[in-house]
């Protein structure tokens, strides 16, 4: 079998990408996050499955040991487009949001969690597959908005053009990963029940898009977006393609003395909690 699913029958399930662990965080923090996310899922009563490709096999529910193998041996960062190539060639591959949504939907997972989604990069034609996958797959994605390193205006416009619905969870503003505010308004929801009512409406009318549930970084960990923008102006880009985002995130962590790293870990933990709550109430 190409796909090895370790989903336990009857449990509410949340899917999670592998790129955040393999390419988005230092190894020590990545393993700590994996353990903490698993701990949260056990405490709350849902199953968190980390999805990746190991030696050509798609694994839904990777173990800590398998994740460490990917980190040690290396793994390509892949979107939906690259899945069949990675499998056919027997590669290790870390899934991005797009690949995670695609694979989740194929096995019946309706709730996916991440830190920040991809979008439109500034200054060049570089548009993430995350956007096109969200435009064609009905699921619920919990995130803290788009990554702060992107062209915010262009990405926000692209979300509208692609008809991707988004709601702010207890916020009126579109969050920007490390930052709580962007100056762009979004419809606000106050509860998981409101989220599920919107999602059920999508299902009833055949609206095959991803519902983005935007959960801002905790206030005490926020790094204001104007500070992020000033720092980005100072960075000389030494990467291209899929390596741009990991490169910039690493540079920002260095330049902020780890503040962006702490923000990343904090928002991911909160997003896992919210995604689990949504999955549990969806299951009922």
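Placed from the backbone N, Cα and C atoms, the Cβ positions cover glycine too.
Here's what Swiss-Prot has on this protein:
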- 17: active site, proton donor (ACT_SITE)
- 77, 97, 128, 129, 130: substrate binding site (BINDING)
- 126: Mn(2+) binding site (BINDING)
- 147: active site, nucleophile (ACT_SITE)
What is the Cβ neighbour count of residue 147 (active site, nucleophile) at a 10 Å cut-off, with all protein chains included?
27
Find the longest CA to CA distance in the recorded substrate-binding set 77, 97, 128, 129, 130; express it in Å as a whole number.
13
Between the binding-site residues 128, 129, whose Cβ has more other Cβ atoms within 10 Å than any of the rest?
128
Work out the three-state DSSP category of residue 129 (substrate binding site).
helix
Compute the mean position of the Cβ atoms of 77, 97, 128, 129, 130, which form the recorded substrate site, and then list in sequence order the other residues of that chain whose Cβ is within 8 Å of it.
79, 96, 98, 99, 117, 118, 131, 133
Between 17, 126, 130, which of the recorded positions has its C-beta surrounded by the fewest other C-beta atoms within 10 Å?
126
With every protein chain in view, how many other Cβ atoms are within 10 Å of the Cβ of residue 77 (substrate binding site)?
21
In DSSP terms, helix, strand or coil for the residue listed as 'active site, nucleophile'?
coil
Ten-angstrom check, please: count other Cβ atoms within 10 Å of the Cβ of residue 97 (substrate binding site), all chains counted.
29
